[in-house]
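First comes the structure, then the notes that go with it.
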Amino acid sequence: MEGVIDAVTRDLLTRTPGFDWTVTEFVRVVDARLPPRVYYKHCPELLERPVATPSGIPVQLQLLGSDPATLAANARQALCLGAIGIDLNFGCPAKLVNRHDGGASLLRTPHRVEAAVAAVHDAVGDAIPVTAKIRLGFADRRQAVACARAAEAGGAAQLVVHGRTRDEGYRPPAHWEWIGRIRRQLRIPVVANGDIWTLEDYWKARTLSGCRDVMLGRGALADPWLAPRIRHWLSTGERLPDTTWQARAATLTAYAATQREKLQDRVVVSLIKQWLNQMRNRDAEAQRRFQRLKRITDLDRLLAELHDDRETPQARQAQGEPA
Ligand SMILES: Cc1cc2nc3c(=O)[nH]c(=O)nc-3n(C[C@H](O)[C@H](O)[C@H](O)COP(=O)(O)O)c2cc1C
């Protein structure tokens, strides 16, 4: 996820078994073959063999663009650098990206989705899989199945469908039943995406879409143990306990420690707040901490406050306050 999930986050989120694979932030491809440094920046895992997180979870490289020839040239470049899979982004709703004919804007013309996928598929041959990610359409869902079929016709080995149109942005709900409509029309595996925040959401998304696999986005940031929670439940039928504040704070602290090695403290402060902001939507303690921390600008103070135990629900209860 652009600006949110980088290699450091991928590492942290995959330390406990849960995810089967991960995808980089998109590499924006306009009219030129990008130099290797751009690829290494988005996907430092390319410097490792296998191309995977430190815990061994494969990392696919995502490209976002519209010109088939440029996408093909960049896919070849990525292949030369060792990419193990190319994912094509046809879902990005950002106005700037769409105005420049990228992301979800191609969903208005399914044949362009097919041309983009086919060009990348031809460029890499059978060496590595090409996958695609779409939404249900741009302004409405009329072209949803046509876009999915276009991706398949172009040679996509798998399709992730975010169950909203571009114009729906990130507004709930995600239409998981529409993902099912698409799945039934395709031969390639379809992966359901959108609004999976809990174990219950996971099961509902699977049931309504009929998909075997799901992709987690914001939910994995809101609860870094969501993927392990799903995995554990699938293999044992048991529910893991809710993620504690201490576990969240430890994740944020580990994140800060690594980011601090290469970024200025003030940048790390805003990254921590950004992640905490995702957590607070789903967790009362994260919400309370966010309110306390949001004006802190010093990284060490911020980290100390994350671990201030006077703030835990248990401590509040002990002092006679509501948890
Ligand atoms: C800040 C942000 C950045 C995102 N960046 C990407 C991206 O680079 N590539 C991509 O395929 N999807 C991207 N997405 C979309 C998510 O992958 C996902 O499809 C969407 O958020 C719906 O799933 P969720 O409800 O589980 O988050 C981004 C979403 C957000 C909120």
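Just so it is clear, glycine is given a Cβ too, placed from its N, Cα and C backbone atoms.
Residues Q62, N193, G194, D195, G217, R218 are given by TrEMBL as FMN binders; from K133, K273, that same site also lists K133. Of all the recorded sites in the record (R28, N89, Y170, K273, K294), the one with the smallest CA separation from G194 (FMN binding site) is Y170. Binding-site extent for FMN: residues Q62, K133, N193, G194, D195, G217, R218, maximum pairwise Cα distance 21 Å (rounded to the nearest whole number).
Cα of C92 (active site, proton donor) to Cα of G217 (FMN binding site): a span of 13 Å. Fewest other C-beta atoms within 10 angstroms, among the recorded positions N89, G194, K273, are seen around K273. In sequence order, D195 are the recorded positions from R28, K133, N193, D195, G217 with a C-alpha within 10 Å of the C-alpha of Y170 (site 'Interacts with tRNA').
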